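Listed in TrEMBL:
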| type | residues | note |
| --- | --- | --- |
| ACT_SITE | Asp117 | active site, nucleophile |
| ACT_SITE | Asp119 | active site, proton donor |
| BINDING | Asp117, Asp429 | Mg(2+) binding site |
| BINDING | Asp119 | GMP binding site |
Amino acid sequence: MRIPKKNVAFCLSLFSPKFPAPFSSRILRFSTGFPAKIRPIHTAGFNQSNSHYSKDDSAGTILGDKASQSHLMANSNGVEGLHVWSSPEGGCKIDIGKQIFCNRSLNMKNILAVGFDMDYTLAQYKPETFESLAYEGTIRKLVYDLGYPPELLEWTFDPKYMVRGLVLDKKRGNILKMDRHKYVKVAYHGFRELSKEDKVGTYGNSLIRDSFDEPDYALIDTLFSLAEAYLFAQLVDYKDNNPGKVPEGADYSHMYKDVRAAVDLCHRDGTLKQMVAKDPKRYINEDTSIVPMFKMLRASGRSTFLVTNSLWDYTNIVMNFLCASHTLDGSLSCNFDWLQYFDVVVTGSAKPGFFHEENRANIFEVEPESGMLLNTDNGTPMPLVGSTSPEVLLKGLNKSCRVFQGGNVAHLHKLLSIESSSQVLYVGDHIYGDILRSKKVLGWRTMLVVPELEREVKLLWELRDMRKQLRLLRDERDLVEDQIHHLKWSLKFESFRDDEKQKMISALGELESQRDQARLAHQQAQRECHQKFHKIWGQLMKTGYQNSRFAHQVERFACLYTSQVSNLSLYSPDKYYRPSEDFMPHEFHILPL
């Protein structure tokens, strides 16, 4: 098959800012960009029977006609249409960036208790202020406590540079993005991109696949880790360019250890939380849908609980801000009204250790007004010596919500009268700290909060024509390569007259030239599409055509995933979440239209 040069040029033109409408009226099979097996559930109110649709051959995503597509994208500005499901306006259109996506069937009627993490789940921190605060605090600890040069104080932080799902190679000073099979596809040494030869030579030739886990690697799976990853890259470049200025004996691995120590110092001395407590609005996004979500879940008859690693004093400040307790003059009021939305609050939980029943951590009851810790017998109040019914305990028992510190999941199950782990849905932001342990160890149902998802799914929608043409270029490249292989095979094993053989050799040369053009066109188009998502790391859930390592973790451990916790308020509390049908590669070419 011959590809005219004008076709390749035309396909390339599609990736310019002014590319025309798709040139083919035929149905094209293409990759949607959703990870395989990670697919959107149907939007509430979307009437499947009233639309014509075809299924994507790579991810099984429903692709509706224009009417259905505009329905999915209605209210894409994220302002109008975000109504709580139980309100008169609810139960219809949901912006694609606010939808909940389903990996494993989950019938909410079977869920008796819904639990939440606080930091980065209920409380979404602003990267431009909070992450910068964490970065600056870490720098100061490195300089004043760990002996790094004062010029580091002049460094600045780019909150948009790093993304979740990256892996830090501590020994080599490299930052990696890999696919689900742990093949490194993007690699940087500090801020310098590694050549393909260096990348393959370092990570692609081992007979035994590297696990890319601790202690030699660090996983960047939380938003809080982005600042320390950026600082590590800066230190790698600094060491390479100024070998005599870093502390003696500080190799890349030691520098990462110092960064982690500096971050821990910031947490231990309360630097970060004191600043947030002074002005929560500066560091935390407001979400007016959180309280309606709590009310709806409570009205549905479910228990609700909060499990956070933060201690009571900070938890109370953040939850007051999120639940919008204000005085008459509009200033923030710090009280305990927000406790009405929970049955149990566990602070200082020390997750992920909290999820192990064999963890024998003591559980203390917190007296909210004083913050005083009271001894308990596995959650049951213990009378003080010399008194069988102390006043402080009676006050605690009369409250609808009890607050604790420490303990483990067995205590929580007892307090909530949970008989089966599958009756619990837990919502968190951390793959390992919240989702993996609660799912793998306990069997809880899980929902992962991925704030980056809102922008990603909207971009996937906006770039759908570009991605169609990218798949077309890939198919054309593959067809040319097949023709080349066929000609080479024929020349090697078949007998031809000299003139026929000469024609075939000439045709082979033309095909190889066209293959090179097709490869170049495809690579350039793929790079441009990649950079639409992120200039360095590309799409969060993809690495090339494969699911990214991060997407693989989401698929394995999150029953549901969405961009923010309050998206739960847009769906019925009794909804049956169902995934789209799974497809094996051999099924993609024979899907019914």
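Numbers here mean position along the shown chain, with the first residue as 1.
Glycine is no exception: its Cβ is also placed from the backbone N, Cα and C atoms.
Note: TrEMBL annotation is automatic and uncurated.
The residue listed as 'active site, proton donor' and Asp429 (Mg(2+) binding site) have their C-alpha atoms 8 Å apart, to the nearest angstrom. When the Cα atoms are compared, Asp429 (Mg(2+) binding site) and Asp117 (active site, nucleophile) turn out to be 8 Å apart.
Of the listed recorded positions, namely Asp117, Asp119, Asp429, the sparsest Cβ surroundings within 10 Å are found at Asp119.
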